[in-house]
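The block underneath contains the structure these notes are about, expressed in structure tokens.
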Amino acid sequence: MAKKSLEVEAEVEVEDEGDAAQFKMPVDSDHKATEFWLFSFAKPHMRAFHLSWFSFFCCFVSSFAAPPLLPVIRDNLSLTTTDIGNAGIASVSGAVFARLAMGTACDLVGPRLASASLILITTPAVYCSSLIDSATGFLLVRFFTGFSLATFVSTQFWMSSMFSPPKVGLANGVAGGWGNMGGGATQLIMPLVYELIKKIGSTNFIAWRIAFFIPGVMQTCSAIAVLMFGQDMPDGNYNKLHKAGEKHKDNFSEVFKHAVTNYRGWILALTYGYCFGVELTIDNIIAQYFYDRFGVNISKAGTIAASFGLENIVSRPGGGLFSDYLSKFFGMRGRLWGLWVVQTLGGIFCVILGRTNSLAGSIVVLLLFSLFCQAACGLTFGVVPFVSRRSLGLISGMGGGGGNVGAVLTQLIFFHNSKYSTEDGIFYMGIMILVCTLPIALIHFPQWGGMLCGPKPGYTPEDYYQSEWSHHEQQKGYHTASLRFAENSVREGGRSARGSGHSKHTVPVETSPTDV
Amino acid sequence: MAGLRLSKITIALLLLLLIVCHVGPSMAVLFNQLPKTLIVTATTKSGDVLHAGEDKFTVTWALNTSLPSGADANYKTVKVLLCYAPISQHDRKWRKSNNDLKKDKTCQFTVVKQDYSATGKHEYTVARDIPTASYFVRAYALDASDTKVAFGQTTDANKTVNIFEVVGITGRTTGIFVSAIVFSAFSGLALAFFYVVENKKKK
């Protein structure tokens, strides 16, 4: 059926009075790009990609600008370990709810206005970071700056509006990974800027304050660029009621019910907390760790810390690609096993990191830890799109929010006060990763199976996705999108289930934010 | 297949790690074994508040005369440092005292380092990068290989007497203050501007 619809689309395209010809890139009937040209700025698709990943990148740079400069800031403000821990928790807790709210905002005003507004509203917090003189001030600026991490949702939403299903996974993965990279880049940028300003003649306590203007200006400029050059959808901006997917016509309380009663969404929220949440935690603590434990200077500590975040350039997209690859041979069971193995390896390297006593060894372990931790993030969102079709946006939001909750919890338990040394905190965090990754074994899709058990015989994807709609709603035909999705996800049964599988699509046909 | 290759690589890496992860012990200088042979005094009194970059004090050190002669035979240099008092070390792991002087973080700021003489004094203007905290002064005698061999300090063993305070600079210059306000206002205005434009477009 998918092939037929493609043929129909092709005919429609030809008859479309050259509508598609206005786009530099090949598009489908929705005018969403069917290809992904990484090094192009073709309007509006690739332009939207670059605007969205870069503005998200700038938000990460600002949110994690303080950690690499903590050795200076903590003396200027006379901070204690508890103060620093609290601020670290604050920096990631704002986005827990902001991510859920951002999805709604995108629905209402479009990703362009929603993301640019959030970015411009949080930029004053970045500039005012240069004015703080107490632990409370430090906590407040980190808290408000951290709200900007909700632009993750608008990034994914925007990519889903611009890219056709076969490419939306890749677009989401690269945009997410390259944005997350900001958490690494900032550990290089901030010390560099700080040292430069000191060289020009400033004292340390003045230099770090001036340094904060760099992420602030980056953020302001990226938001203005989004407003000036960005476009919500291929055909124009968000001034129509037309939105992708039937979710807008849907009843919010039904969507909510089907999201919160699906245990798989909760398990994935927990496990995402122990890959993405751990990533955020490390962004907050690792520069100080290297500075204090191994006595390297601020710039060196920043460089080492940066290597962790910068691996996102390949590791997160790589995780997503690996998930798709496993699915080709083993279907959903492959995706689940891949996620468990990769995230467990991340946990193992975290445990080793906490027990490594040499600088060189720590760097090597950190690089390996980063690879598996971030790949697990990509693999998580290889599974999320299949948990629910009706409540896809909210399930994705739960996953994303869960990531931040994991960061809050981990920092609260292990890095908040002087109870554990940082190396012990890292060791125990690794153990916690191993434990909290085990629940993946409990995820079972009756139509495809789970890690430990095979599928229920005779149960089809149609049955699964249709069960989210009541008989009454099915009679009205509200569930047709879910049915199309079910047909296209036949491939998730693995090679044995392929049989008549005619869909070459690697990701769900219908859109809504597939990755958060 | 891919999984098996992955596990082989992992094992190889783990072996590499075991080789790389070693702790190299070295001859540690322990604080509780250092003889307290120097008498160190400073013109600051208990509870004094000094402002970084402005105020000064004079530190004087002298070899304890009741020691047998030749006790300072191997002293080549004197290093005087500003050290954190316990109240400023509380809940701050990066200022922790450690008996192993290689790991000790109590004294992070050098007041003066000069050739050793049986007595000496130095007038010190509190540097602009000294943070707000409570301090005392300690002097180490170093031998020819720059190893600490003796010490003296202005406070007692519990570090409770003769503690003075330094108030560091805030770092908030007027320029920074104005810039922060201006840039923040600009961001808000830019947002408002684009909203007005959007609304106009809608109509």
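Cβ atoms here come from the backbone N, Cα and C positions, even for glycine.
Remember, TrEMBL labels are computer predictions, not curated facts.
Feature annotation from TrEMBL assigns domain 'Major facilitator superfamily (MFS) profile' to A:48-449. Positions annotated as transmembrane segment by TrEMBL: A:51-72, A:113-132, A:138-158, A:170-194, A:206-230, A:336-354, A:360-387, A:394-414, A:426-445. Under the heading region 'Disordered', TrEMBL lists A:489-516.
Outside the transmembrane segment (A:138-158), and at least 6 residues removed from its termini, the chain residues within Cβ reach (under 8 Å) are 48, 52-53, 55-56, 59-60, 62-63, 65-66, 73, 77, 79, 83, 86-88, 90-95, 98-99, 101-103, 105-106, 111-112, 114-115, 118-119, 121-122, 125-126, 128-129, 132, 172, 175-176, 179, 219, 232, 396-397, 400, 404, 513-516. Within the same chain, residues 36, 38, 49, 52-53, 56-65, 67-69, 72, 151-152, 155-156, 159-160, 162-163, 207-208, 211, 214-215, 279-280, 283, 286-287, 298-299, 301-303, 305-317, 319-321, 374, 377-378, 381, 514-515 sit at least 6 positions outside the transmembrane segment (A:170-194) and bring their C-beta atoms closer than 8 Å to a C-beta of that stretch. Sequence-distant contacts of the transmembrane segment (A:360-387) (same chain, at least 6 residues past either end, Cβ-Cβ under 8 Å): 169, 172-173, 176-177, 180, 262, 264-265, 268, 271-272, 275-276, 278-279, 282, 286, 290, 294, 304, 307-309, 311-312, 315-324, 327, 332, 335-336, 338-339, 342-343, 345-346, 349-350, 352-353, 395-396, 399, 403, 443, 445, 489, 492, 507-508, 514-516.
Through the fold, the transmembrane segment (A:206-230) approaches residues 44, 47-48, 51-52, 54-55, 57-59, 61-62, 65, 69, 72-73, 76, 112-113, 115-116, 119-120, 122-123, 126-127, 129-131, 148, 186, 189-190, 193-194, 197-198 of its own chain, all at least 6 residues removed from its boundaries and within a Cβ separation under 8 Å. Within the model, the domain 'Major facilitator superfamily (MFS) profile' (A:48-449) carries an average pLDDT of 88.
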